[in-house]
Amino acid sequence: MADEKKKVKKKKTKEEGGTSETASEAASEAATPAPAATPAPAASATGSKRASGGSRGSRKSKRAGSSVFSVFSQKQIAEFKEAFQLMDADKDGIIGKNDLRAAFDSVGKIANDKELDAMLGEASGPINFTQLLTLFANRMATSGANDEDEVVIAAFKTFDNDGLIDGDKFREMLMNFGDKFTMKEVDDAYDQMVIDDKNQIDTAALIEMLTGKGEEEEEEAA
């Protein structure tokens, strides 16, 4: 009987020991911090794709700008740059409706809001210098202009509808914008222009004088 009691006591002691060890292990596990969750690879891939897409968009935009500049010669780009600076009346690097209106006013033309909106609507965004070159390039492609003189003529006629330019406005523009002319230089230039009794300059004759085409034709005829 005494032996049986001893066995029971030993059994209980073992069970209590086992329970104690189990509780200790559980407490240890609870005290150990859980490992940080690993980010899902799918989310990372999506972010990478977005970043890659943005980079591609940026490269595409740069390529588009570069291709426009390759259409024109350095001389043409310099001329367009000067024209852009003349048109950018508020000097913010962007040509808006008020800038276009001022450009038309400077050559004696009146453009209504509908016409100005139509011109601005041709651009895919704000008209900065690159966008202006793009518009001119598209206009040149449509008109079939290919050499330097034809590009200059087509660009000049963009702001001319009836073949005449107001002499006073043109004089003011020459003396106040771009490479500013002195009064004597303007007077000398006007002496060579075809100007009617209403002080209107013949655009075609002016273009011939600027490009030298009239002189070339006279030499060929001789």
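The backbone N, Cα and C atoms fix where each Cβ goes, and this holds for glycine too.
According to Swiss-Prot, the Ca(2+) binding site annotation covers D88, D90, D92, D99, on the basis of sequence analysis. In this view, D92 (Ca(2+) binding site) is surrounded by 11 other Cβ atoms within 10 Å of its Cβ, with every protein chain counted.
What Swiss-Prot records for 19-53 is compositional bias 'Low complexity'.
The annotation domain 'EF-hand 1' is assigned in Swiss-Prot to 75-110 on the grounds of sequence analysis.
If you look up Swiss-Prot, you'll see 147-180 marked as domain 'EF-hand 2'.
In the predicted model, residues of the domain 'EF-hand 3' (181-216) average a pLDDT of 79. The feature domain 'EF-hand 3' is assigned by Swiss-Prot to 181-216.
Taken from Swiss-Prot, the feature N-acetylalanine applies to A2, supported by experimental evidence.
Annotation comment: Swiss-Prot describes S66 (among others) as phosphoserine, evidence class experimental evidence.
Residues or ranges marked as phosphoserine in Swiss-Prot: S67 (among others).
According to Swiss-Prot, the region 'Disordered' annotation covers 1-65.
Residue density at D99 (Ca(2+) binding site): 19 other Cβ atoms are found within 10 A of its Cβ, drawing on all protein chains shown. In the three-state DSSP scheme, D99 (Ca(2+) binding site) falls into the helix class.
Helix first, then strand, then coil: DSSP counts for the domain 'EF-hand 3' (181-216) stand at 22 helix, 4 strand, 10 coil.
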